[in-house]
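Residues or ranges marked as ATP binding site in Swiss-Prot: Gly37, Pro38, Ser39, Gly40, Cys41, Gly42, Lys43, Ser44. According to Swiss-Prot, the domain 'ABC transporter' annotation covers 4-235, on the basis of sequence analysis.
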Amino acid sequence: MANVTLRNVRKTYPGGVEAIKGIDFAVGDGQFCVLVGPSGCGKSTLLRMVAGLETITKGEIDIGGRVVNDIEPADRDIAMVFQNYALYPHMSVYNNMAYGLRNRGMPKPEIDSRVREAARILEIGALLERKPKQLSGGQRQRVAMGRAIVRQPKVFLFDEPLSNLDAKLRIAMRVEIRKLQRRLNTTSIYVTHDQLEAMTLADILVVMNGGVVEQIGNPLEIYRKPASTFVASFIGAPPMNLIALEPDEIRAQFAGDVRANTEAGILGIRPEDLLISTEAAASGGLALELVVDAIERVGAETFVYGARSRHGEPVISAKPGELPPGEVIVRVPGQSAPAAGERIMVTAPREKLHLFSADGRRRIDL
């Protein structure tokens, strides 16, 4: 086990393309860190830099108190699990797991002990003589994890290991990976574009965008207090409703609050914090009139999509986040919902409201 520390890490490719733009964070001994962000944000590049598969243009990467910038991948005491499993098709499960240990000259009894212990932990003991083509996707992923476990590394690195699995298997494997990490207590860094995967796995969540870190913290803290509109719209499904406010709306909603009236431009509200109501909002709370566009019933809950209405006319938002212009999502329990075309009032208490600067880059705490 080991701490992993990144200090002002940068990556610039030929032609001046800067993929990683000065990243600093630390992963504590035994912590599970998840790097999450959209495609092209730099998360996989950063993981490959930790692994030694990408060179570092500037900065330092420290693993267990040792700067590893110029150390070969094989000598960094890390083990990596890939998206495509990277198994040798002509070898049995046993030999796939043992291959790296043999190359390091480890005695046969020690190899056998490690392989069988990893197989026991992963519940693949009955598969040791099979070839990869005889395994399901989930079994292949277990073998790939087993190959990492037998090395007994200081750090596990996971590069979108569940991307090739179907939805049901992804959920099962997600739970297995978390249980395994807690059991082994090995420092882990995990890359995914799936925010639900990130939220459920992470001790520490690193949200990336455009080669920079937007926010670092506990997953629930990030969900409850996103630092920017990017984080607010990326973390959470459905995303946070983001509404561009006109100056008169800001004055009406936040009368007397100097920061809101001088800095705010975007109001955020989580879909589950909006209530369909026939009564006015509590003092300081939010009230919106919506025209229902669509209904999604997904079983235990229902999503109501509505267009904002102001003085009876639809409002087109200038900064809608990831939602269509002017659209608001309301998450309601159960299956009852208003009909499409119906006008409804939704309210939210003041403490559930989020405020951001007009450019969306800063959270404003009132």
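Glycine too: its Cβ is placed from the backbone N, Cα and C atoms.
Structure with Swiss-Prot features highlighted.
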residue	record	Cβ neighbours (10 Å)
Gly37	ATP binding site	27
Pro38	ATP binding site	13
Ser39	ATP binding site	7
Gly40	ATP binding site	14
Cys41	ATP binding site	23
Gly42	ATP binding site	22
Lys43	ATP binding site	27
Ser44	ATP binding site	21
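Per-residue confidence over the domain 'ABC transporter' (4-235) averages 94 (mean pLDDT, predicted model). Following the DSSP three-state reduction, the secondary structure of Gly40 (ATP binding site) is coil.
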